[in-house]
């Protein structure tokens, strides 16, 4: 509502864009909200600039204009699929901003610059308002979530290694747990620099920590294999393993730190003694096993050191291996990204051809929504179920919009009363959007309601316009479900 008020106060024509922006960029933490806001602004500026260049230049040749606009949108989609970090959102916005502005603007290309400028202004207002509220009113730091998850991950890693040394059987999905935790930590770590100022060494500490945890998964598997292969364990080795298990299950950080060096020296010394006397393959396995035990102890202590540095947001003590850390290495599949982008190009261009040859007055609106669907949902292997959830939310959004537009809004004249009337549905939609199972349904409500209600400086309810927009919305989303099911679904 703050963004809506500011947009109205300075006389902007489409304050609904500011409202939508606040809902889209709002996340559960300061860092995630600010990073998403900046990526959205960058993508919007790029998409608006591309539209201003494309539409006036090629508007007199509709087919060519459609091809170039669709090409820009799908090129941005391709880049977003290759960029495996949250920065991909900037490419998504560059694509769907061009779709939202470009296709409707072909009917009046002379206004495309003004529309693009207004959209950038509205989105900037929404971003600033969202950033201020998330920063200064009950701020939730993503660093707290990161540190909490990191502590849980380290505890789980120690417990898992202790279970391995005790000879407990692994559950079938157990090896995936640490990998999933690493992926989660990597995902939220991108937002930490936006949470507060973070030094370069602390960023490097996160990379080094990831490398150590990833190595732990491998070493733990090697230890388990050696334990299953070694037929007989000498008394000195068994005593060492018992002491290591006690060390792993100790919850006192100070005690673990003090005991780690002694355990490492014992395992290394025992490995040297056995290596000097090794005569059989079994002896070599025992030596190899002890070396892995020594490495496990070292890795866990390094993880503790790096975790402490990250927790206190200070540089970790310099280590040669830390400087060589690579961190999470993303897999990029250019062929899969190109296939998805090509499918989106065919879908959008097909929609353009239907619009051109049918001469549908609201076809530009429909194709613009179609482009949004292709960019927003193109990253999913099976996008159709998510679009169906969005359609369900859009149905609710249309119904609620009609009730507001023609029953609740006409008598209102004061802004505080308007806020009170809008509050129930927006609060409900916001709470639904924060829950992953209902996120896309809530997006259908929050994206539809401000547009169909035409929340401008004055009431301008028009049932025919609202009905035509709703028809265009459902045609576009239905076409997207069919097209993306055929062309963009990745078979298992």
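Even glycines carry a Cβ here, placed using N, Cα and C.
Database features (TrEMBL):
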type: TRANSMEM; residues: 6-25; note: transmembrane segment
type: TRANSMEM; residues: 37-55; note: transmembrane segment
type: TRANSMEM; residues: 61-81; note: transmembrane segment
type: TRANSMEM; residues: 88-106; note: transmembrane segment
type: TRANSMEM; residues: 112-133; note: transmembrane segment
type: TRANSMEM; residues: 340-357; note: transmembrane segment
type: TRANSMEM; residues: 387-409; note: transmembrane segment
type: TRANSMEM; residues: 415-432; note: transmembrane segment
type: TRANSMEM; residues: 439-460; note: transmembrane segment
type: TRANSMEM; residues: 466-487; note: transmembrane segment
Contact call for the transmembrane segment (466-487) and the transmembrane segment (6-25): at least 3 Cβ pairs under 8 Å, seq gap 6+: no
Leading stretch by Cβ pairs under 8 Å, where the reference is the transmembrane segment (6-25) and the options are 37-55, 61-81, 340-357, 439-460: 439-460
Feature contact check the transmembrane segment (439-460) with the transmembrane segment (387-409), CB under 8 Å, 3 or more pairs: yes
Beyond the flanks of the transmembrane segment (340-357) by 6 or more, those residues with Cβ under 8 Å of it: 62-63, 66-67, 69-71, 73-75, 77-78, 81, 99, 103, 363-364, 366-367, 370-371, 374-375, 378-379, 476, 479-480, 483-484, 487-488
